[in-house]
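These notes are about the structure you will find just below.
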Amino acid sequence: MLNYYWKEEQEKNWILEETYFDDRHQGKCESIMALGNGYLGLRSSVEEPYIGQTRNLFVAGTYNKFDENEVTELPNAADIIEMLIDINGELFSLKNGKIHHYSRRLNLKAGELIREVLWENSTGERYHIIFRRFVSLADMHLIGMKLEITALTADAEVILRTGINGRQTNSGVQHFHDGDKRVYENQFMQLVQRTTQSKIDFVLNSTVKMYMDREKVECKTSYFLERRRIHFNGQMPLKKGQTLAIEKISNIFTSLDNDIEIDGDLEELKTISSEHIKKNSKFAYDELFEKSKDQWNLYWKEAMIEIQADDDFDLLAVRFAQYHLLIMTPFHDERFSIGAKALTGEGYKGHVFWDTEIFILPYFQYSFPGVARQLLRYRFHTIEGARNKAKKFGYEGAMYPWETAFTGEEETPEWAAINIMTGKATKVWSGLKEHHITADIAYAVWNYYLSTNDEVFMDLYGSEIIFECAAFWHSRLEWNEGKHRYHINDVIGPDEYTEHIDNNAYTNYMAHFTIKAAIELYDSAIHKQWDNFKCLREKLRLKEKIETYKTLLDSIYLPDPNEAGIIPQDDTFLTKASINIEKYRDSHEKQRILKDYTREQVVNLQVLKQADVVMLLFVLRGSFDETVKRANWEYYEKRTIHDSSLSAAVHSIIANDFNEYEDAYRFFRKAAEIDLGQNPVSSNDGIHAASLGGIWLTVVMGFGGVMNDNGILHIHPKLPKTWRKLSFSLYWKGERINLSITKENVEVRKESEREMDLFIMGKRYILFKELKINDR
C-alpha cells in the first residue's frame, strides 16, 4: 500500500511511502524506490532475504552478451545490500514475530531510502530498527547504508552478516567470470568480476563500522570467503535502551569508467577503488550523505516545479518523475544513453529506444540543455552502427536500430518468448520494420537546435545525423506510378499492434520532416559557413543529394484528413473491423487482448496498442488545427487499449490542445499512475522511463502550453480545473525563463534584458525582462 500524503510540513510532497510490506509484490517498490546517480542504479530490495525479491545493481553502459544466440544486456553486478540480522538467536524477518509499525519511504528531495520497523520477536522482545540507504550524487561510485537497532525491552546479542555477493544473475544468466576476492587490512572486502564477452572489469569494495550510542566501537568480527562471495560477520552485545548503529560503505568501479585512467590495467583499477573506499571510510554515513544531499538541493533549485492543486498527488507525481529522470541519465559519459527501464530492472535488457529522444530528451532540452546535447551525441557516436544497418538492408545513410546499446548495432531480439500454448516463438518485427526511429532522432536533433541555437553542436555532430537520416529516408521511398507519389511501404508505426502496413501516417510525415530539415539545415550551414560542414559536404556528397531532396519533397505522400477529418493511420486501417475493447482497457494485465486473439487477428482489427496518429499530432503539434486534433483524438482513442506506457501523456497533451480539459487531466493521472499508482505489479521489471518523461511533458507542454513551433516559442497555458497555480522554468536559446501561471494571468520573467520574440495566448510579444498578461 502506497501513501502519497506525508504529513510533516518540511517534507510534504517529497515522500513516497510504503505502509505495508507484502512479500508477494516486492518488485513494485524495488523499482519505484530505486536509487541511483546516472552512473549506477541500485534496485531497492530490502536488506533481509525473501523469496521473490530481485537484487539489481547496474552500471550504465557495461553491456555483455551471454552467447551468440542472445542479445546484449546490462549485467547484474554483485549484491552489496543483503544483511542477515540475528538478534538473540532469531533472524529478523517481517514474516516472523509481530510488526507494530512499518514504513519504507523514499525521500525524493534528498535521494535517501528509509525503512523503519517496530519489531517484536517470538519471545516478546521489542526492537526499533531503522534502515537508511543512499547512492551518492556527489561521488558516482559511492553507496552508503546505515542500520540502527534500539533494544526497547531487553538486552540482546546482535550478529550481522553481510558482504559482497557475486552470485547474482540476470534471471538466471551469469554474465561474469568468477574473479578474485580478498579482505585487506582486516577491514576492507574486495570482489573482482569480469564480464564474459565484453571483458569489462568490475571492482567492488565494502567496509563495515559499528557505533554504540554514536560512539565508534570495535566488535568481534570475522570474514569468510566462498565461491563468488565474501562474508563479514560482526557480533555486538546490546543493552536495553542502547542503540547500535552499523554503517556499511561500498563502491563500484569498472574498466569502462571515464573518470579514471588505467589503460586496461586491472591492478591499477583495484588500487584506485581501494584508495577510494579507504578515503571514504574515514567519514560517517551522515557526513557522506550530506554531501550527496547538497547536490540534490542544487538539482532541485534548478529544476523546481510548483503546483498548487486540490490533490497533492499531482505535485508528488511530477517530483517523482524528475527524481527518476535524474538518476536514469548518464551525465558522466556521452557514450551511453537511457534504457527503457532506466537502471531499475532487467526489462528490455537496458536497451535504448526512441523513448529517449521523444519522451525524455525534452525535459533536459528545456531544463538542462547541456545534458540534452550529451544524449544526442550518443547518437552521433553510434552512427556507424546505424550506417551498418542501412547497408545490410540495402539502404543509404544511417538507419538507426530499434533497440541499441553500446556499439550502436541492432540489438532487437529476432524472436519473442515461446507461446506456452503453441510451443512456437513469435517473430519480433520491430527491429526489421519499425523505421520511424530514424526520423525520431533527426527530429530530436533539429528541435534541440531550434530551441538552443547551438551551432557548434550542429556543425560538429547534429548535421551529420540529420543528413544521414535524410539519406536513409530518400532511399526508403518507393515511387507509386498510379498515385504519382512516393510511398513508404511495409513498416510498423508507433502502434505496434499493426504490422506490415503501407504509408503509416506517422512514419510518412516524419520522413518528410527529416528530409525537409536536411534541406533547411544545408541552406543555413552554407549561409553561416560552418567550419566542419565544408568537409561534411564533400564527404556525404550533399550538394547533389539536397538538390534531389528539393525536387521530391512535395511528392512524398502525406495522408490528408478525410471528409470526417480523420487522418488514415495507414492505407488499410480505416477499412478494418472494430471490436469492443473496454475489458482490455480496464485490465491491469498488459497485452491482455493477445489471450483472446492471435497477433495476426489483431493486425486486421481497428485496435491500437498506443498513440499513433495522435502521436503525430503531438510531434508536429503546430501543423494541425484544433478541429483535426479533436476529430482524430476522439476517433482513435476509442480504439486504443493504451497497452504502452507511452500513450497516456500524449493523449493528455492533445486533449488539452482542443480544450477537453477533463480528458487532459484524466490522462495526466493515468500517466502518473503507471508506476506511482497502487497496481502492485506495474513496475516489476523496472520503472517506465518514457512515461516519466511524459509526466513532465503533460505538465509543461500540456498544461503549461509550451510549444516549439519551428524555432518560435509559444506559451498557451490551460490549467486543470483543480489546479490554481503552476510555476516552472525553462531554457530558450541560452536564456532561463521563469513562468508563473494562474487561471487569471501569465507571468514571464528572465534575467537579461535582451529582447526575445515569443507568442503568449496566440499573441506576439517582445520580452525584455518581464511580462504579465492579465485576464486571459
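Placed from the backbone N, Cα and C atoms, the Cβ positions cover glycine too.
TrEMBL annotations: computationally assigned, not manually curated.
Copied over from TrEMBL:
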- GLU496: active site, proton donor (ACT_SITE)
- TRP354, ASP355, LYS609, GLN610: substrate binding site (BINDING)
- 18-255: domain 'Glycoside hydrolase family 65 N-terminal' (DOMAIN)
- 319-696: domain 'Glycoside hydrolase family 65 central catalytic' (DOMAIN)
- 709-767: domain 'Glycoside hydrolase family 65 C-terminal' (DOMAIN)
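TrEMBL feature annotations superimposed on the structure.
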| residue | record | contacts (Cβ under 8 Å, 6+ apart) |
| --- | --- | --- |
| TRP354 | substrate binding site | TRP402, HIS436, ILE437, ASP440, ILE441 |
| ASP355 | substrate binding site | ILE338, ALA340, LEU646, ALA689, ALA690, GLY693 |
| GLU496 | active site, proton donor | SER430, GLU434, LYS609, GLN610, SER644 |
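Same-chain residues that are not part of TRP354, ASP355, LYS609, GLN610 yet have a Cβ within 8 Å of the Cβ center of the substrate site turn out to be PHE353, PRO494, GLU496, SER644, LEU646, SER647, ALA690. Around the Cβ of GLN610 (substrate binding site), 22 further Cβ atoms fall within 10 Å across all displayed protein chains. LYS609 (substrate binding site) falls outside any helix or strand according to DSSP and counts as coil. The helix, strand and coil residue counts that DSSP assigns across the domain 'Glycoside hydrolase family 65 C-terminal' (709-767) are 0 helix, 39 strand, 20 coil. Over all protein chains present, the Cβ of LYS609 (substrate binding site) has 21 other Cβ atoms lying within 10 Å.
Within the set TRP354, ASP355, LYS609, GLN610 that the record links to substrate, no two Cα atoms are more than 16 Å apart, and one pair reaches that distance.
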